[in-house]
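Structure record follows, encoded as structure tokens.
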Amino acid sequence: MMLYTGAKALQYLNVPLFTVFKNLTIIAVAYGERFVFKTPVTPLMLSSFFLMVLSSIVGALNDIKFNLQGYTWVIMNCVCTAFYVVVMRKVILTVNFKDFDTVYYNNFLTLGIFVLLSLFTEPWTKFYDFYKHNENSAELMSYISANSVSAISAFAISYTSAWCIRTTSSTTYSMTGALNKLPIAVFSMLWFPDPVSFGAVLAVILGFSAGILYTHAKNVAKRETPVGKQSLPPPATLNTSTSDYGDKDVLASPNRKD
């Protein structure tokens, strides 16, 4: 459902607007982890989330258009993504999955669902009628090549996502997913001839600020987390008379060695 609703949302929304809504998933994941893992959501973390959302809004300000179908699909995608990320972390910790195990079962179970969805929703007859002609064979090869690259990239994303969720947290994984768009934006400003706007620069600055604030918030939360009280063993059921052990104070001492 996460993959399907994401594809449907992109059918109706452009990428900048899609990114604005996708970054709202970070907040949903954070509160999902709070419910499942009892992980606290501090005010500093919330501030970093809102900074990231504000960065997306500033960057997509010129692309915002109302589209009810697109908004509906992207909201469903945010809910499905948050549910998927939190539940996957729960399963990884419960079953003790390795990274490849997570990728294998995720993709294997998804395959059957996608085959059914494709058979019922995709125009396979039109696809065949178009590509059976020789003049369209070159385009077919380009299509196969592009899908192959996409499949390899999807496997890499699945594997690294499983590794990240297993070693960190679902919220950190979601925040990293939002932050990884910022270097791409910076490189595109430097390498491509498109004009650099004030809104684009401000969006990048806000995004990096959100990442720095989130890192600071995690460090503060880690420092404030109590280590826990030392658990002492239960008292031994021994005869506490002074005739057997001498001084009662020595027996009562937690540092006494038998």
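Glycine is no exception: its Cβ is also placed from the backbone N, Cα and C atoms.
Residues or ranges marked as compositional bias 'Basic and acidic residues' in TrEMBL: 245-258. Annotation source TrEMBL lists region 'Disordered' at 224-258. Among the features that TrEMBL reports, transmembrane segment is placed at 12-32, 44-64, 70-91, 103-120, 140-160, 172-192, 198-215.
For the transmembrane segment (103-120), same-chain residues at least 6 beyond its ends with a Cβ under 8 Å from one of its own Cβ atoms are 3-4, 88, 97, 155, 158-159, 162. When each of the listed stretches 12-32, 44-64, 140-160, 198-215 is scored by C-beta pairs under 8 angstroms to the transmembrane segment (172-192), 198-215 comes out highest. By the Cβ criterion (distance under 8 Å, sequence gap of 6 or more), the transmembrane segment (44-64) is not counted as touching the transmembrane segment (140-160), fewer than 3 such pairs being found.
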